[in-house]
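These come from TrEMBL:
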type   : residues : note
DOMAIN : 18-125   : domain 'PH'
DOMAIN : 135-170  : domain 'EF-hand'
DOMAIN : 435-537  : domain 'PI-PLC Y-box'
DOMAIN : 540-665  : domain 'C2'
Amino acid sequence: RCGQRVMQGMEGDMDLQFLLQGGDLLKVRSSSWKKTRYFKLQEDCNTMWHESKKTFKTNQTFSLADISAVRMGRQSEGLRKYTGEQVEGRCFSIIFKARRKNLDLIASSEEEAKQWVNSLQKMLSIINNLTAQQKTEHWIVSCLRKADKNEDDKLSQSEVKNFLRLINIEVDDVYAEMLFKKCDKSKSGYLAGEEIRHFYDLLTHREEIVVIFGEYAKTTGYMSPENLVEFLMKEQREKATLADAHQIIEKCEPDENAKQKKLLSKDGFLMYMHSPDALVLNSDHREVYQDMSHPINHYFISSSHNTYLMEDQLQGPSSTEAYIRALLKGCRCVELDCWDGSDDEPVIYHGYTLTSTILFKDAIQAIKEYAFKVCLVSSIIQYHKTSISTLCTICVFHLVIPRHPTTQLSSPWRTTAKEENQSKQKKKLKMAKGLSDMVIYCKSVHFNGFEDARKNLSFYEMSSFKEGKALELAEDRIYPAGIRTDSSNYNPVPLWNAGCQIVALNFQTSCSDMDVNQGRFLVNGKSGYILKPAYMRDRGSEFDPITLTRGDWLKHKTLHVMVISAQQLPKVNEKKSSIVDPLVKVQVYGVPDDVAEKETNPIDNNGFNPTWNENFQFDVYVPDLALVRFAVEDYDTTSDNEFVGQFTLPFNSLKMGYRHVPLLNKNGDVVPSAGLFIHIMVLDAE
């Protein structure tokens, strides 16, 4: 069973046993809709089942992998609106990925609520920390369980074919029968026990990995430390020592006998190739690696437009959850449109539209909880005195108050240290001075032309433009045009190329433009700050992304990409009969001379393990500003291709050699088990 394999060693774990036993919880939807539901974890240790009675006639379930977070207390808007403070300690919320509504629940006691939250968080931590190989096994075995309709732990020939469809592969009856007979050693007409294991091994066989392994496994089918060093240096272009090889073997080799002999087996090599160190993204860039002491105008800043909106700009809902989601995605500049509400309580919404409102204080509370790991820049439109009091009350230890006149903007790291003297100063802040006195990073001013700006603007003054005007002027803060009432986005790359620090997008909208934005800010610890190249920080620079005259920015590179294969691609349509015909697009974003796109041929009816072995070459002239996007689409001859998954990263964060590429769904969440296998080479152009 899946749960037995993935949760090894947890048989006596009290948190796991609590979830398996389950219990009643009060589900809250509105002030008048609060009903008891029975929740329990199923035996696969991955699926939560719930129903009003302790019967199993209906199938209302959700996967633990679909959960984004579990939050204790009345943190959701629904619980704050429909429950009282007296049940604060009994409340908790399950927050889902994508656009699924939160699940707001009330336990019978504070102790029980804590038990639910702690137990669920433990299971989420275990699932999130599974290796890629374990996630693959987890997914495949869960599909095997679905295919086993009568739950007898056996697979008939028809169930095998059903299973193949579930894992996104279509085969004809002849091949399915051949595969079945090959595994049916007992000639019983069904697969059981080791026969299912053999079937699994056939499906997960990676011929491309076996070939690479065989080239370096020169010690009776194993890699010695010396073999591994040779592979790392020759193929992966990494500086490697025998000590590095020993560490990899110790970490990745599953066979204890091989590990004791300092050898790496094929399974150990596959496990290493799925590890973070072997992914396409430079693992060093996952952490903060850039100088964070520059003034903030020296950085590209991850920025959100109308952050409070969950959907469109005219009548969509506003929500504090929108702030939380944007902040968790690394957004560092959020927008609060403040308006007068009832009882002198300021609210936030898109003014003069039918969008719903949220309380200003609730938005500030959410920002306090999720924003202040690094410096946050807020764009506050409209205000009154109550806003000032709210900010000072909730965020008193997080506001940056200038101590003396400065000649440059603060750095992103200025507010990370807790300074006792500064906190005392914040407490003495006079409310009557107004919210504008607290806006000390940037002051919005009207743009009167470049000549006026050079002569009269101070370092802290900035101008905002709609996207169309920005493409003409390419200055400072940019936001989507007013005609984008559907919250669609625009390509941020040309504006970054022109040096714009704050290019605000609609974070609630999934699209390739948002993919590129997230790819830009994927690195540097996902801090939301990316240091501009030196030539973009120099006021005297002659850099022009259009003409590309000679300068420090010209570092002509040739990018070679070989798209080898893909693994466990998700279905576009959840109907069992729907199988993807995948193709891979490799796209380069950057200055106009670098923009390019190439694609593989589609593979018919195979989303499980398609193979391409196709090579592409790109010229990249300004690598500092370039990004590479790997996109998988479901090919369609009669209509537009459908999105399957993608991964975008900065060109300078690519790792060379054989690399796995994780895939993200439309909402930017990792698709478990799915990925591409590629080979990357970056060379200096002649």
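One-based numbering along the chain as shown.
Glycine residues also receive a Cβ, built from the backbone N, Cα and C atoms like all the rest.
Across the range of the domain 'EF-hand' (135-170), the DSSP-based residue counts are 23 helix, 4 strand, 9 coil. Beyond the ends of the domain 'EF-hand' (135-170), by six or more residues, the same chain brings 1-2, 5-6, 44, 46, 127, 176-177, 179-180, 189-192, 196, 199-200, 203-204, 567-571, 576-577, 579-580, 605-609, 672-673 to within a C-beta distance below 8 angstroms of the stretch. The predicted model assigns the domain 'C2' (540-665) a mean pLDDT of 93. Assigned with DSSP, the residues of the domain 'C2' (540-665) fall into helix, strand and coil as follows: 9 helix, 60 strand, 57 coil.
DSSP assignment over the domain 'PH' (18-125) gives 35 helix, 38 strand, 35 coil.
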